[in-house]
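Presented below is the structure to which this report refers.
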Amino acid sequence: YLVSPAAYAALGAYMFLLILIGFPVNFLTLYVTLEHKKLRTPLNYILLNLAVADLFMVLGGFTTTMYTSMHGYFVLGRLGCNLEGFFATLGGEIALWSLVVLAIERWIVVCKPISNFRFTEDNAIMGLAFSWVMALTCAVPPLVGWSRYIPEGMQCSCGVDYYTRAEGFNNESFVIYMFIVHFPIPLSVIFFCYGRLLCAVKEAAAAQQESETTQRAEKEVSRMVVILVIGFLVCWLPYASVAWWIFCNQGSDFGPIFMTLPSFFAKRPAIYNPMIYICMNKQFRHCMI
């Protein structure tokens, strides 16, 4: 054991809790959407994609981590490490880029930078395809030699190799690519789109002399923006910051928990996403009931 058995027990219990909550909520999202025709709208296709991404993380990542935590190390070998790392990365990236597509959709529909544009089913499918392509450009390279997946932290889950400059894997270039394309860019897009969305609501409220309806709309959008931004940062910023520090300070001494804690903070969107995008949607709530 790299740390005390109690830490592995706590990790296993945490993963069990994520599975216990994340699987039924995301599965329910899929079921309700497929069951109720009125929910099959272009916007909800993106929400459905989030649920699929979260299920990838739950079934492909969380279950494996819970199992390996019972043994105190990653017992599934190189193939198991590649599969766990791939599915966990794929699910997280699909969710991340789905949030970007959703932010762009909200900006275009509400702020109308393109006059007479209507978000259609074809646009939604293009957005979904984009999210999958971007996710695969992050999750596949470590399987084919551009970087690699290795056990990290407490050695119960696998992630991209930020830790070494292993010869032949070009870890440095892949990590730099990840930290340019797969973190600041999506974060900047989300901030820009929701910032413009909030400004548009404020302008509409001012033009209508702060009517009760527009005040309520401004409040709802403000709350959604705050939740989105905080949720994104809380989940991803600790992991990205620690991973970048490790990459820049390879060879430095740090304990296994140093990387374990932020990596499992980043797994919480499997619970956050349905809460933010589904439970705050009245139509979804009514259909679930």
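Positions of Cβ are set from backbone N, Cα and C atoms, glycine also.
Lifted from Swiss-Prot, the feature list:
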DISULFID  CYS81-CYS158  disulfide bond
MOD_RES   LYS267  N6-(retinylidene)lysine
TOPO_DOM  1-7  topological domain 'Extracellular'
TOPO_DOM  33-44  topological domain 'Cytoplasmic'
TOPO_DOM  68-81  topological domain 'Extracellular'
TOPO_DOM  105-123  topological domain 'Cytoplasmic'
TOPO_DOM  145-173  topological domain 'Extracellular'
TOPO_DOM  196-223  topological domain 'Cytoplasmic'
TOPO_DOM  246-257  topological domain 'Extracellular'
TOPO_DOM  280-289  topological domain 'Cytoplasmic'
TRANSMEM  8-32  transmembrane segment
TRANSMEM  45-67  transmembrane segment
TRANSMEM  82-104  transmembrane segment
TRANSMEM  124-144  transmembrane segment
TRANSMEM  174-195  transmembrane segment
TRANSMEM  224-245  transmembrane segment
TRANSMEM  258-279  transmembrane segment
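Structure with Swiss-Prot features highlighted.
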{"residue": "CYS81", "record": "disulfide bond", "Cβ within 10 Å": "22"}
{"residue": "CYS158", "record": "disulfide bond", "Cβ within 10 Å": "30"}
{"residue": "LYS267", "record": "N6-(retinylidene)lysine", "Cβ within 10 Å": "24"}
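In this chain, the transmembrane segment (258-279) lies in contact with the transmembrane segment (8-32); the count of Cβ pairs under 8 Å, excluding pairs fewer than 6 apart in sequence, is at least 3.
Across the topological domain 'Extracellular' (68-81), DSSP classifies residues as 7 helix, 0 strand, 7 coil. It is 17 Å from the Cα atom of CYS81 (disulfide bond) to that of LYS267 (N6-(retinylidene)lysine). DSSP classifies LYS267 (N6-(retinylidene)lysine) as coil under the three-state reduction.
The stretch in closest packing with the transmembrane segment (124-144), judged by the count of Cβ pairs under 8 Å and taken from 45-67, 82-104, 174-195, 224-245, is 82-104. If one looks beyond the topological domain 'Extracellular' (246-257) by at least 6 residues along the same chain, the residues whose Cβ comes under 8 Å of a Cβ in the stretch are 2-3, 7, 153-155, 162-165, 172, 175.
CYS158 (disulfide bond) carries a strand DSSP state (E or B). Under DSSP, residues within the topological domain 'Extracellular' (246-257) fall into helix, strand and coil as 5 helix, 0 strand, 7 coil. Within the chain, the topological domain 'Extracellular' (145-173) has long-range Cβ neighbours (under 8 A, six or more residues past its boundaries) at 2-3, 7-8, 11, 61, 64-65, 68-69, 72-74, 81-82, 84-86, 88-89, 243-244, 246-247, 250, 256-261, 263. Residues of the same chain lying 6 or more positions beyond the ends of the topological domain 'Extracellular' (68-81) and with a Cβ under 8 Å from any Cβ of it are 1-2, 5, 8-9, 11-12, 15, 149-151, 154-158. In this structure, the CA atom of LYS267 (N6-(retinylidene)lysine) is 13 Å away from the CA atom of CYS158 (disulfide bond).
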